[in-house]
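Swiss-Prot has this to say about the protein:
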type: BINDING; residues: Thr133, Gly154, Asp175, Asn216; note: S-adenosyl-L-methionine binding site
Amino acid sequence: MQKKYYELFFIVEERYKNLFLDFAFDLGIEAIEEKDNGVYIRSHESLEDLSWALEIFAQKLTTTFNLNHKIISNLSLVEKENKDWIQEYKKGIKPILVDNVYIHTTWQEEKKNCINIKINPALAFGSGHHESTYSCVKFLQKFSKSKLRALDLGCGSGILGIIMAKFGCNVEICDTDELAIDSSLENARLNGVDFYKAWCGSIDKANGLYNLIVANIIADVILILEKDIKNHLEDNAILILSGILDKYSTRIKEKFQDLELIDEMQINEWCSFVYKNNKKG
């Protein structure tokens, strides 16, 4: 064991915390702990580049969300005496229960009488705690049914695709990030499920129609993919759209007004909508 390690600390607004965690995971950082209203990142390697990258990422988010204040504060980088911080990191990750779905890490015990979803957080791309993912998990328990042809559009960690597979759907996944596909396939293996098809890219590469599509991606991308999404919906198919900031909700509803809005949910500023393809008008 090396004698010293580097510790990067910062405080981030709760609503944006998961964006920063996913950003760090995407850069290959595995030892992250949430504690004392802040985030600790530890490594034997220098974290100076990561510190700089987090500041740039925060600036971009501030611009994207039109904020007039800083998202992160108290950013500090120190060198410390070593200890088993991997075990400390594991203690800081909490499982999440969404109705009957229990999402937990590979080292946490399963919960009886629940649908257990096992995730390796070191694989990045989300662990189910974000408001948008939470909403999708609730909706999928209602609309996932055996033998449905389903698509997880922008699969990330594969949590949503795994849930649909657990309910008996024939699931396909896609993401524009090859690492997300790898992460999803590995998490599927951990959960004993298979995806019917997986590809790096978007819905334009999909073949045929789907009975269920879930897209937990940002509003701008949903708006860009609107026509492709609709063109791949079977009659009476269910479409779940999530990852939408409330300031974009009106635009989303306008674009999808030809479908029947059958359910919606908002947690903090994050909105999710469920549509049925009844071919209105």
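Yeah, the Cβs are placed from backbone N, Cα and C, and that goes for glycine too.
Reduced to three states, the DSSP call for Gly154 (S-adenosyl-L-methionine binding site) is coil. The number of other CB atoms found within 10 A of the CB of Asn216 (S-adenosyl-L-methionine binding site), across every protein chain shown, is 25. A sphere of 10 angstroms centred on the C-beta of Thr133 (S-adenosyl-L-methionine binding site) encloses 25 other C-beta atoms. Look at Asn216 (S-adenosyl-L-methionine binding site): DSSP puts it in a strand.
The full span of the recorded S-adenosyl-L-methionine binding residues, Thr133, Gly154, Asp175, Asn216, taken as their largest Cα to Cα distance, is 16 Å.
With a cut-off of 8 Å between CB atoms and residues at least 6 apart in sequence, the same chain places Cys174, Asp175, Thr176, Ala180, Ala215, Asn216, Ile217, Val221 near Gly154 (S-adenosyl-L-methionine binding site), listed in sequence order.
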